[in-house]
Structure formats: structure tokens, C-alpha cells
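Report on the structure given below.
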Amino acid sequence: MFEKSVPYAMLAFAAPVVLAIARHPSMFVRRYARRHRLLGGALLMHLSLGWMMLLAPMPQVKEEMIKEYSTAYNVVLGLLGCATTAAAAADFAAAHDEARIANAASGTLSERAVVTTAEMVEHVFYQLLNLAQAVFIALVPAWPLSARLIALAAITCLWLLRPLFPVNSFSDNYQTDAAAAAESPLVPVMYRVKKAQYLLYKHALLHGLNVSLAVNGLALASHRAFPYYWLALNTAYVLEFFLQTLVRKRYMAQSVHLVINGLLMAVSTGAALAVLAHVDLAAATLSLVLNFAHRGHEVLNTGLVTLVALARL
């Protein structure tokens, strides 16, 4: 049922975005921040290619393409995501410095908010996690348990770099941003949903999934649900920033922005729930509990979760 509804949902999402781009194609080639514009355009084309491959009405051809090219596609997607975000942080460093922007909170749903350089730099960290997880998911099925556990430790140690990146409190968007709430009562609700999505992502689909794959060696990339989830996740990562740009440039109405953002949130949540079938829910739950009981110790917490998962074999 979910897979059958995805093409219609993504067409409804893509239509206003494509229309805005068709009306203003020069946004990708202007001199100011041209590096970011060109990389962003390449990333959007790569995402579009992925959705066209996934939604093509040729099941046998589609499965062969996913099997042959999914790893290379996902790695290129991760590299483009990292490069585009890093270029944004560099190209807009002065104009989007927090000292010049008076946002009530971080976030991309408010019509008045401007993405700060600190938010862009923080996003680089999550793009790195995405890239590392894509490589991990592709490689672990061919490795023995010992090698999988070493790989798990390696990608989890990326969290040791977290203090080098800014931290923007997500809850501020619905606790302190009265201006956004005044624009639309829907905005704080959507931010709360995004917060729940983040917790689901971090503890079930990042730590929980990584631990599950390290312990059982599942070839997740070959399962039907995974390409939908991975594309939806990366589309949400990229488009939440791009959509706000379209709104601020008056290329898209705020009402349309909120509707299609909600649609993308629904698609990404549905795709994530399908992947949860391959996650050790006990491991994910323990990761969430440790997040509140032992906050800021991702490597140690994930190590404890892994030990518990191994003990349950």
C-alpha cells in the first residue's frame, strides 16, 4: 500500500518545486555563491534521477538497476550532500552569520526565519553521518561479525567530532518562536513532529539500525523498503533548506511550502516505518533511554547497546 501511494505523493510534492525552478532557472547560475548553486543543482538532479529509477513502472528493470547501482548512487548522493552543505556554509558565511540574523529559533518552516551559518555547519555533520551509514550498509553483509563490529565502532566514533560543530536546539522552534506560531498554528505542530522524527531517526534508524546490521549482517540495501527510505531521508535533508529559499525569494507561497513539507514528512515517516522491521527495537529503545539518562555520550551509549544486542543472540 505504501509503495503504491509514493509515486502520487512525490508527484504532488515535486510539481510546485519543478514549477518554481522552471520559472527561475537562473537561481542555479548566478555569480554570488555560484559554487553552492552548482552543487545544489547537481544534487537536485541526482535526487531526481534516483526517484525516477525507483518509481519507473518496470519492476524487473528497476530491481536490476537498484541491485547494480544502489551503492554507487548512495555514495555519490552522500558526497554531493556533504559538498553542497559545506559550500553553503562557506559561501554564505558572512551574510548568514548569527551576529547579523535575529532568529527566535533555528528551523526552516517559518517564513521569516533565515538559515544561519551555524545551522549549515551543523548540517554538515549529519551529512557525514549519512555518507558513513550508506557505506556501512553496503559493506557489512560481506563481512564476518568481528569486522562488522569494528566498522560499527568506526562510524559511531564520528560522534566524537560532534563538539566541533554548532548545536541548535530544535525544541526552541515550538517553545520560544512565538512569531512562527503567529504566522500559522500549524508551524509549531510540524516542528514537534519533526522533533519526533529526529528521535526516531537517531535512535532507531541510525544507532539502532547500525547495531542491528552489525550484529546480524543483514543485506538491507537489497530489501524493497530501503531505497524508498534512503531517498526520502536525503530528499528531506536537502529540500527543507531549498524550500525555505524558494519562499524567501517569493518563488513559492508559504502555504504551498507548508503543505508539501508536510507531504514529504509523511512520505519519509512511512518509508522509515517500513525499515523499522529490520531494526532490533530493544536496541533502539535502549539507545533512546540512554540518550536521556546519559546524554552526550553517543559512543559509550552505542557500545552498551551493542553489548546488550550481542548478549541476546
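Cβ atoms here come from the backbone N, Cα and C positions, even for glycine.
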Q. Given the ranges 38-56, 114-132, which one is assigned the annotation transmembrane segment in TrEMBL?
A. 38-56
Q | Contact yes or no, the transmembrane segment (258-279) and the transmembrane segment (38-56), 3+ Cβ pairs under 8 Å, gap 6+ | A | no
